[in-house]
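Working notes, structure below.
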Ligand SMILES: Cc1cc2nc3c(=O)[nH]c(=O)nc-3n(C[C@H](O)[C@H](O)[C@H](O)COP(=O)(O)O)c2cc1C
């Protein structure tokens, strides 16, 4: 089982933190599909410390999402500690996660994200400072290294453990790789064997079978799923079921997909407002529509939608079309 500090997850399946995706609307939906732990999108320490309005809104957590891990990122110790203390005292997050994996230049150029992967001592210093300053368990999410020549995953994870971190999530790619190539699961096994705190494996889990394989091959304590869950909370449900019962459930019907897409939309509207939510929902809708035959027109159409009504009409139209085709075929 996956246990981080005193927090026990009901299973080993973890929703990855994804910027622009993992807000309360999506997280709650994925939670309802059975995720053991959901991770919030990364939040800037500076945004928190300056009480930036948009950043403050990102800290909203629905009780039903718990247990939840909230990720912060930053480049300077003082600023990161201050933000962690704010999250510790003022949010109902269960876990504070520090981002050490973000490869995006906007983040790494200010000495945050994956940059720290070059220096285990820096990781120790940062994590120890945050651990000392907060009560909630602190974890770290990292990539396996900066580039092929600098793979310090073992040293870095050990530094997290020595500093009092309560778990590590490891994406088996380097910073330089971005999302290219295949995630390296051997390094996940190596790191697992070198620390005693829980390790959550991450990278290229695309099917429930992949999740089982990663758990078995690496011995990791939890399996983190990112891209495969986009527009597809069923991936989480099917994985939980497969791990628990060995049964591989089928894919959802078009009606089910669209119903959950609309539920997600309505939660996003409640969280933001209709105008922002519908625009944000365009990319999600395209993800929900993936795999539905004849979706080309609808996938383009979602980008033209500006209101809930327009989007819902388009989505329901697709369901009607799909159901009609099935009737005709039958
Ligand atoms: C749209 C998107 C946004 C992401 N944002 C974050 C983030 O905020 N923090 C983070 O640590 N990783 C972030 N990641 C990386 C994922 O958490 C995960 O490590 C990566 O996608 C590999 O897992 P996967 O193969 O299951 O997708 C993001 C990935 C994607 C696709």
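Just so it is clear, glycine is given a Cβ too, placed from its N, Cα and C backbone atoms.
What TrEMBL says about a protein is an automatic prediction, not a curated fact.
Record check: TrEMBL places 17, 18, 19, 71, 141, 226, 227 at the FMN site, and the matching candidate among 150, 171 is 171. Counting other Cβ atoms within 10 Å of each Cβ, the binding-site residues 141, 171, 227 show the lowest value at 227. Summarised as a single figure, the pLDDT of the domain 'DUS-like FMN-binding' (15-315) averages 94. Within the same chain, residues at least six positions away from residue 226 (FMN binding site) with a Cβ under 8 Å of its Cβ are 15, 16, 18, 202. The Cβ of residue 17 (FMN binding site) lies under 8 Å from the Cβ of 39, 40, 41, 42, 69, 71, 97, 99, 141, each of which sits 6+ residues away along the same chain. The C-beta environment of residue 19 (FMN binding site), restricted to residues of the same chain at least 6 apart in sequence and closer than 8 Å, consists of 41, 42. Neighbour density around each Cβ, counted as other Cβ atoms within 10 Å, peaks among the binding-site residues 18, 71 at 71.
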